[in-house]
């Protein structure tokens, strides 16, 4: 199989959904999936790629149901941020067990648990080939973890945001509901907006577009997909200018 000898990206921002960590379980963290993801991230580090990671929290907390019951949105979002910290702690531990140097940073201060987010420190760690896990979203309510991924991706000057999902890429329709749906290999930001394709929420997507930050959507459940993406092979959907 012909592959590039060297990775096409030097620094990436990997966005993992919380749901990806729960595996076939309906809730929580599947240890085997966590360890597999840690091994795939380790492969990237061994290729010399600098890796920032943003993880969602949907496997541990879902605010929608409580919001319907009357919970304040700000409170729900704060709980969601803490869920991402819990996932970050689990990922840091899995990386350490895989002998990968990793640092967990939080956008909200949690002294004694993890470091406070510092842009300068994050850049320094990445340059020294440390995996940096960026948790607690943006630190503000009303912003999704996709927004956090794009914001941090821009801040750390990542070459791309790699959005790991449960499907192979961006499709013409929901492949779970429409068997005739086909996958796009490449799209422009404008095409995504015109076709109203579900890539990420509008705030996150326009942030990436305005800063010309490429997004690649791929299936994290497919073994080796992450490596294929960084080696420039055909995998997932690329969204650029």
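Our numbering is plain: 1 for the first residue shown, then up by one each step along the chain.
Glycine is no exception: its Cβ is also placed from the backbone N, Cα and C atoms.
There are 21 other CB atoms within 10 A of the CB of residue 165 (ATP binding site), with all protein chains counted. Residues or ranges marked as ATP binding site in Swiss-Prot: 15, 16, 17, 18, 58, 62, 165, 171, 174.
According to its DSSP assignment, residue 144 (UMP binding site) is coil. Cβ contacts within 10 Å of residue 144 (UMP binding site), excluding its own Cβ and spanning all protein chains shown: 17. Among the features that Swiss-Prot reports, UMP binding site is placed at 57, 77, 138, 139, 140, 141, 142, 143, 144, 145.
For the region 'Involved in allosteric activation by GTP' (23-28), the predicted model reports an average pLDDT of 84. The region 'Involved in allosteric activation by GTP' annotation in Swiss-Prot covers 23-28.
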Should one count Cβ atoms within 10 Å of each candidate's Cβ, the binding-site residues 15, 57, 138, 142, 174 would be headed by 15
Given the binding-site residues 17, 140, which one's Cβ is surrounded by the fewest other Cβ atoms within 10 Å?
140
Using C-alpha atoms only, work out the spacing between residue 140 (UMP binding site) and residue 15 (ATP binding site) and round it to an integer in Å.
18
